[in-house]
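Peer 1: First, the structure itself, so that you have it in front of you.
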Amino acid sequence: MKILVINGPNLNRLGLREPEVYGTKSLTELEQELINFAETQKVELTCFQSNHEGDIIDAIHESENQFHGIVMNPGAFTHYSYAIRDAIVSVTTPVIEVHISNVHKRESFRSESVTAAATVGQIVGLGFQGYRLAILALKELRGGTQK
Ligand code: DQA
């Protein structure tokens, strides 16, 4: 099984950016941890990060014939990108939305996700663990025994 992890804007600043909110580990550490975890689950993981809406949209479109699922943290695009929402709806690839922080405990604008309704589900506030849970959820969704 092949899964694409998409991290959106400013997530390349993990470890440096608001460590009290997002922790002290870098994006590279997150991606390496996820690749190691995915291996134990017989999942082939590809990690992608972009600060650009169009590149994220392209990655979603191109996922269709390459990946069985997407784990996506759209960053601040979550709160206003109808274009990313439409991209998710335009493909058959199942998407699980992840947020490292508990967006409901923060500024009110973070409580709204315009993308979540287009996804299978959302995992919020569990730190990096959220990404691992999303991988497990996609795997279960597809049926545990398939490759
Ligand atoms: C975030 C929450 C968003 O509100 C914020 O803009 C981010 C990160 C999270 O992972 O908690 O960039 O998606």
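One is the number of the first residue shown, and numbering goes on along the chain from there.
Here the Cβ of each residue, glycine as well, is placed from N, Cα and C on the backbone.
Because TrEMBL annotations are produced automatically, they should be read as predictions rather than curated entries.
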Peer 1: Starting from the substrate binding annotation in TrEMBL that includes His79, Asp86, Ile100, Ser101, Arg110, which of Asn65, Asn73 is the extra site residue?
Peer 2: Asn73
Peer 1: Work out how many Å separate Ser101 (substrate binding site) and Tyr22 (active site, proton acceptor) at their Cα atoms, rounded off.
Peer 2: 6
Peer 1: Take the C-alpha atoms of Tyr22 (active site, proton acceptor) and Asn73 (substrate binding site) and report the distance between them in angstrom, rounded.
Peer 2: 13
Peer 1: Across the listed substrate-binding residues, Asn73, His79, Asp86, Ile100, Ser101, Arg110, what is the farthest Cα to Cα distance, given in whole Å?
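Peer 2: Binding-site diameter by Cα atoms for substrate: 24 Å.
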